[in-house]
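> Structure below; questions to follow.
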Amino acid sequence: MNKINRVAIVGGTHGNEFTGAFLVKKFQQFPEVIQKPSFETLTILGNPKAFEAGKRYIEKDLNRCFLTESLQNTNLSSYEDIRAKQIAGVLGAENKPNVDVVIDLHSTTANMGLSIILGNQDPFLLKLCAYLSDINPLVKVCYTIPEKGSNFLRSLNKLGFVIEVGAVAQGVLNAELFQKTEQLIYTILDYLEQYNRGNIPKINNLLALYKFTGTVDYPRNENGDIQGMIHPDIQFRDYEPLNPGDPLFLTLDGKAIAYEGTSTVYPIFINEAAYYEKGIAMLFTEKQLINPSS
């Protein structure tokens, strides 16, 4: 792969996710902390109006506005559609990028700790993630759906990925998570600098990759009303194994609903507040061990 010349850090794609938004504000106030000799680092506050309002979005979810067809559709005129076009104008598209790496900062009410969310398994990204999880075992790595036709901001770039941290409430700054996220960003930038110098560290360990397999909705009645909640046995237990027969939900009348799958899964984004409107109680993943150097 060619030399890294420009890196973009985006925060506040969702306006009430303060960790990323305030990190971007810090980096804009003290740009020297993210600059490296061999590449430029630029910062973008993703959704300024939503950030000012303390809301996830103004009219629609900005992180669902980056489908190529949507970016080319001049009839889409919501604030977030316009903002997506502006951001794409800076970052470029996957087939014509203006930057080499995109880091999109997010936070979650789920207990995701320090997570890297990938939309593809590019060898460069896998080696980066293997390095990050090797030096900090608390870093988890997820692989979601293939990015071809994706509407996420990260899909604008082949080397785009998300840093997702939690648990933290919406519209709240948590100093510990802020500092951990900040340090993770510095580690990533250091890695990119070493890559440009040809000094990539060799990783011998396998990478644990949590691969997305599907979503699960809450129990509902015939009117679509929620009739249950996350069972206390799995609340805040993201990335832990869920076996067939384990309790999954607790209904309003106190009955446990078990996981009826046939294989062990590893739930993530358990009880994410922003996913209630999307009909998602959690995401299921399967755990794979891969060799990033193969």
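Keep in mind that glycine also has a Cβ here, set from the backbone N, Cα and C atoms.
According to Swiss-Prot, the feature Zn(2+) binding site maps to H14, E17, H106, an assignment based on sequence analysis. Taken from Swiss-Prot, the feature substrate binding site covers R56, N63, R64, E164, Y275, and the record attributes it to sequence analysis.
Could you tell me the structural context for the features on the list?
Packing around H106 (Zn(2+) binding site) is summarised by its Cβ count: 26 other Cβ atoms lie within 10 angstroms of its Cβ, all protein chains included.
Within the same chain, the residues at least 6 positions away from R56 (substrate binding site) whose Cβ sits under 8 Å from its Cβ are H14, G15, N16, E17, A50, Q170, A274, listed in sequence order.
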> Counting other Cβ atoms within 10 Å of each residue's Cβ, which of the binding-site residues E17, E164 comes out lowest?
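Fewest other Cβ atoms within 10 Å, among the binding-site residues E17, E164, is found for E164.
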> Using Cα coordinates, what distance in whole Å links R64 (substrate binding site) and H106 (Zn(2+) binding site)?
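It is 14 Å, counting Cα to Cα.
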> What are the other residues, in sequence order, whose C-beta lies within 8 angstroms of the center of the C-beta atoms of H14, E17, H106 at the Zn(2+) site?
G12, T13, G15, N16, T19, G20, A21, R56, N63, L105, S107, T108
> Which chain neighbours of the substrate site, leaving out R56, N63, R64, E164, Y275, have a Cβ atom within 8 Å of the mean position of the site's Cβ atoms?
T13, H14, D61, H106, A274
